[in-house]
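Here is what TrEMBL says about this protein:
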type	residues	note
ACT_SITE	ASP323	active site, proton acceptor
BINDING	GLY187, ARG267, GLY268, GLY292, ASP293, GLY294, THR295	ATP binding site
BINDING	ASP293	Mg(2+) binding site
BINDING	THR321, ILE322, ASP323, MET366, GLY367, ARG368, GLU422, TYR479, MET480, ILE481, ARG482	substrate binding site
DOMAIN	181-503	domain 'Phosphofructokinase'
SITE	GLY294	site 'Important for substrate specificity'
Amino acid sequence: MDSLLAPRSTSSFSSPLNNNKNYYYCNINSENKSSFSVPSSFRIFNLRKFSTVSFGYGCDCRLMGRSSGCSKIDCLTRVTMDFSASAASPEIAKPKIVTGPGGYVLEDVPHLSDYIPDLPTYPNPLQDNPAYSVVKQYFVHVDDTVPQKIVVHKDSPRGTHFRRAGPRQKVYFDSDEVHACIVTCGGLCPGLNTVIREIVCGLNHMYGVKKVLGIDGGYRGFYAKKTVHLDPKGGYRGFYAKNTVHLDPNVVNDIHKRGGTILGTSRGGHDTTKIVDSIQDRGINQVYIIGGDGTQRGAAVIFEEVRRRGLKVSVAGIPKTIDNDIPVIDKSFGFDTAVEEAQRAINAAHVEAESIENGIGLVKLMGRYSGFIAMYATLASRDVDCCLIPESPFFLEGAGGLFEYIEKRLKENGHMVIVIAEGAGQELLSESMKSMTQKDASGNKLLQDVGLWISQRIKDYFSKQRKMPINLKYIDPTYMIRAIPSNASDNVYCTLLAQSVVHGAMAGYTGFTSGLVNGRQTYIPFNRIIEKQNHVVITDRMWARLLSSTNQPSFLSAKDVEEKGDEEPSNQLLDNGNCGQETFVSNEVTN
C-alpha cells in the first residue's frame, strides 16, 4: 500500500455519523480488527445492490464541532458508501483526496485499478530502451508530489499537492495492446501540432506503441461512416464522423513548424454515449484530449462514462487556452508565443504613434474574461502607456478618467500607445450591446468590438469636446497571434506536457490532465481544471508592476481595489489548514 494511505490509529471519540446509513466507520489498526474488511488496495467494488463504494480518509474533528480542525496525526478512517441511484450516471465524481500530517492534502487522480480489479502490470519499456540511460532515479517515486502553493508561512499547513508527473517503474499497458487516439477541440493555439507530434513520438519512441489514430474534426469525428485523410473538418465532430488519420513519427515529423492543428477542430456540444461507443467499438484504450475548459469538461464526462462501463481506457487531457485562464497550472502552452507575436502589433502601433503629432496607437488583444495576454505583452513591450483589461474597470470622462489621462500623456509626450483586451470595458457598452445575449457554439458570450468602439469614442471626445486634433491608428491582431507555430519556449513546454501525459496514461492513470505547477509537471484531476477560470489579480504585485511601467492611473479608488480583491476567489481549494473536511478516496496505487 502507498505510504500516504498507511493506516493510522483511531481517535477515542464517537462520530455523530456513526448512525448515518450513508456512513460506515471501521477501525483500522493493529490492535482493533475491523468487522468490515477493507481491501488493502482500496479499490472501488460492488456491494450487493449498491453501485459503488468509495473510501474517505481524513479527520472528523470538524464534524465534532472543532471548527479549526485537528493537528493530531490520529484520525478516524471513514468508509463512505454511495447509495444514490445516480451513482451509475456519468456525472463528475467526487474528488479523490488523501490527507496527511501537518495539513498535507493530496488531490489525487483516478487510476484504472480503482474500478478494474487485478490488472496486470509490466516493467516500463524505458528500462530496455537504448535511447535512455535509465537509472532508478529516472523514475518518479509513488510518493512524489508537488505543492500547489510554494510560498507559505512557517506555521501554515503544508497545503494542497498534486501527483508528480513522469515515468513509473511499472506500467499498466503492454506496448502491443495500446490503441491510442488524439483529438483537438476548441479554438486554435500555438503549439497544438507540437503536442500532437510529441504524443505520437513519445508513444512510439519511448513505449513502442504503433497504433495511434488522429480523430479528425474533434469529438464528433468519433462517429460518421467516413474515413478521410488529412482533410480536417474540426473539433468534436471527428468522434461522430469516424474520421480518422493514422499517425506515426513520419506523418507528424514536421507538423510542429505549422500553425493550427492537422486534426482540425470545432466548437459545440457532443454526444458522450456515441463517443464512448466509438471508443469501445474501435478497441481504443488511451484517449488524449487537447482543449480548453469546455473541452476538459467534456473529457471529464467521457471519463465518467468510460468508468461506468468498466472499460480499460485511460482518458487524459492537455489543457489549452490562448487566454491563459486555466486555473492551477503556471501557464498554458502557446501563451508565450502569443505574447511574443503581440509585440509586433504593439511595435507597429508605437511607430505609427510617434511618427505624427498627437499620435495614438490602439491595439486590441485577445482576452475575453482574463487580461493576461494584454498585461504580459504590455510588460514585455515597455512602449505601452495604458493597458485596459477585463479585471480592472475603467471610466472614460471626468477627473481620473481615461480621456483625462490620454490628454495629459499627449501633452507630455506627444504620442501614446494603448493596449486593450477584447473583454475590457464591456460594462460601458452594455446599453448598445444587443449581442451580449447571444452566444457562440461553445457557450461564450459574443462580444462587440471594444477596440472599434473605444477608438471612435476617443476621436469624438477630442474632436468635438476638446477641439484637439489627434491621429489614432487602430490595430487588431486578434487571430494573428494564435494562428502561428509555437516559438522555442513553447515547443519545449509542449514536449514536456506531451511526454508527461503519455507517462501518466501508460502508468494507468485516467481522468486527469497534465500541467505545470510551480515549475514541475503534475497530474491534476479534471475537476480542478474546470472548476473556475483564472484571472489577473489586480491586488497582486504583477499588476502593480504594470502600473509602474505604464504610469497609468488605476482608474479605481483604494476602496474599489480592496473590494475587487475581496471578490477574488481563492486559488487554494483546500489550503485552509482544516484536516477535518469530508474527503473521498477510492484507490491509491503503488507503481
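From the backbone N, Cα and C atoms, a Cβ is placed for every residue, glycine too.
Positions of the features from TrEMBL, shown on the structure.
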residue : record                 : DSSP (3 states)
GLY187  : ATP binding site       : coil
ARG267  : ATP binding site       : coil
GLY292  : ATP binding site       : coil
THR321  : substrate binding site : coil
GLY367  : substrate binding site : coil
MET480  : substrate binding site : coil
Would you identify which of the recorded positions ASP293, ASP323, GLU422 has the most other C-beta atoms lying within 10 angstroms of its C-beta? ASP323
If I take the alpha carbons of ARG267 (ATP binding site) and THR321 (substrate binding site), what is the distance between them in whole Å? 13
Site with most surrounding Cβ atoms, counting all protein chains shown within 10 Å, from the binding-site residues GLY187, GLY268, GLY294, THR295, THR321: THR295
Taking the domain 'Phosphofructokinase' (181-503) alone, what is its mean pLDDT? 90
Quick note, MET480 (substrate binding site): same-chain residues at least 6 apart with CB under 8 Å of its CB -> GLU341, ALA345
List the residues of the same chain that sit at least 6 positions away from ARG482 (substrate binding site) in sequence and have their Cβ under 8 Å from its Cβ, in sequence order, or write 'none'. GLY187, LEU188, CYS189, PRO190, GLY259, ILE322, GLY334, ALA338, MET366
For GLY292 (ATP binding site) and GLU422 (substrate binding site), determine the Cα separation and express it in whole Å. 18
For the residue listed as 'active site, proton acceptor', which of the binding-site residues GLY268, GLY294, GLY367, GLU422 has the nearest Cα in space? GLY367
Could you say which of the binding-site residues GLY292, GLY367 has its Cβ with the most other Cβ atoms inside 10 Å? GLY367
